[in-house]
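Pulled from TrEMBL, these are the features on record:
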- 12-38: transmembrane segment (TRANSMEM)
- 58-77: transmembrane segment (TRANSMEM)
- 84-102: transmembrane segment (TRANSMEM)
- 108-131: transmembrane segment (TRANSMEM)
- 143-161: transmembrane segment (TRANSMEM)
- 181-204: transmembrane segment (TRANSMEM)
- 225-251: transmembrane segment (TRANSMEM)
- 271-289: transmembrane segment (TRANSMEM)
- 301-320: transmembrane segment (TRANSMEM)
- 349-373: transmembrane segment (TRANSMEM)
- 385-403: transmembrane segment (TRANSMEM)
- 415-436: transmembrane segment (TRANSMEM)
Amino acid sequence: MYKGFRLGKSEAWYASPIVQLLMVAMVCFLCPGMFNALTGLGAGGQVDPGAQNDANTALYSTFAVVAFFSGTVTNLFGVKPTLAFGALGYCIYAASFLSYNHNENRGFVVFAGAFLGICAGLLWTAQGTIMMSYPSEDKKGRYISWFWIIFNLGAVIGSLVPLGQNINATGSSAVNDGTYIGFIVLMLVGAALALLLCNASNVIRHDGTKVILMKNPSWKTEIKGLAETITLAPWVILLFPMFFASNIFYTYQLNDMNLQFNTRTRTLNSLLYWTSQILGASVFGYALDITRFRRSVRAKASLVVLFSLTFVIWGGGWAWQRLQVPREVLEAPDSTHRRIDWTDGGEKYIGPMFLFMFYGFYDAAWQTCIYWYMGALSNSGRKAANLAGFYKGIQSAGAAVFWRLDGLKTPFNTIFGVTWGLLAAALLFAAPVIWLKVKDTVTAEEDLKFSDETITDVVTTKDAAKEAV
């Protein structure tokens, strides 16, 4: 567990933060990454978006409830079993669309979405705990960036599969069975990989410190800790609008905007979207770790950049959206409207292609900054689990609302406008926290107040840990 080996220019070991982060990134590469590729097809690879809308409403509704308490579950049972169980839901979700291709059993798709909501709440909380609490303060941006790159490579590679299988689908049709079977197999591999993680209590950082946890967790202590995350720092609530807005744009971008294109062009758009996320995560992850500037300065600068991108990119998005056909024309059963193909070129396709790429870049920037802000507020694994649970729960509540709006056939322009407005408002609410509460460092003594451990429990060496094991 603590035998060193070279990883790039530095030494690593199995129970080091970087190895554990890369492993959880591979789990998300194979599970949520493939889910994103499936979602990026538009309508879950179907022609009628109704089944996916209903499934995603169920998914994010259960996700919102479960994730709110998933920090308690993660702290009690540990990140490894929580992550492994959470990965199983993705396999069942992909299988439901394979079934739908043959029997159009919407009930199974909705059930799979609801079950995935339970599983995803657990998986993403365990993942967030690892990503925010394992690295040292000077490496959190890079670790978030590395995770986001690997995770989105899953969606990129996952998008290549349906692109190759549907490259001649110039009309609008459901993807074939092979696409769904490929997703199912890869997701099962991801669930198995989660079982190979080590326990958080065994992780040792390069500086000899361990992750701050509870030595003797119980339902009582963790429910109390869940409440204390809010009561001891009530200003955290100002981040909740940013949490809420962090997934709402997927409904417009991946379902509404992408349905303006035919099947093969939707798969290409999906590929470009997730590829752009890799660029966005790289730029923001490394920028947030520039040690030339104090962490508090970096936090303020990132907020200003996010606010600027919100108006530049979404302003360009409105210039395109206002010229598109309305929902009732696009989704009419007897519609003769020709959907956009990549061969159309010029303003017809090249413009929205780049817009789709900028949307992907923006998504990665938003998510990277949120995780970095939360990681800057605490280095405690226990508190990180609760913050991650709040984040994913509130994020999913926002997604559930917008998938439901889409299911109710809300006009595209309305969904676009509300999404843009909420993103801008969320940054205004978060500004006081980012401006005043992100400090240049958080001491171990401060983090230990949220635990039953002492300083001697979290300062060790690899050799001492090896002897203890």
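Backbone N, Cα and C atoms are what each Cβ position is placed from, and that goes for glycine too.
All annotation found in TrEMBL is predicted automatically rather than curated by experts.
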Spatial neighbours of the transmembrane segment (385-403) far in sequence, C-beta under 8 Å, 6+ residues away: 53, 56-57, 59-61, 63-72, 74-75, 117, 120-121, 124-129, 132-133, 225-226, 229, 236, 240, 243-248, 250-252, 370, 374, 377-378, 415, 419, 422
Stretch of maximal Cβ-Cβ contact with the transmembrane segment (415-436) [cut-off: under 8 Å; candidates 84-102, 181-204, 225-251, 271-289, 349-373]: 225-251
Outside the transmembrane segment (271-289), six or more residues from its ends: residues with CB under 8 Å to it: 36-37, 40, 138-146, 148-149, 152-153, 155-156, 159-160, 163, 253-254, 298, 302, 353, 356-365, 367-369, 372
Same-chain residues at least 6 beyond the ends of the transmembrane segment (349-373) whose Cβ lies under 8 Å from its Cβ atoms: 128, 131-132, 140-141, 144-145, 148, 152, 239, 242-243, 246, 249-250, 253, 257-258, 260, 265, 269, 272-281, 283-285, 288, 299, 302-303, 305-306, 309-310, 313, 316-317, 320, 340-343, 391, 423, 430, 433-434, 438
Cβ contacts under 8 Å made by the transmembrane segment (58-77) with residues that lie 6+ beyond its boundaries: 93, 110-111, 113-118, 120-122, 124-126, 129, 213-214, 217-219, 222-223, 225-226, 229, 247, 381-382, 385-400, 403
Highest-contact recorded stretch vs the transmembrane segment (84-102), from 12-38, 108-131, 143-161, 181-204, 225-251, CB pairs under 8 Å: 108-131
Beyond the flanks of the transmembrane segment (181-204) by at least 6 residues, Cβ under 8 Å: 1-2, 13-17, 20, 23-24, 26-31, 34-35, 37-38, 78-80, 83-84, 86-88, 90-91, 94-95, 98, 129-130, 133-134, 158, 161, 210-211, 213, 381, 460-462, 465, 469
Of 12-38, 108-131, 225-251, whichever stretch has the most CB pairs under 8 A to the transmembrane segment (143-161): 12-38
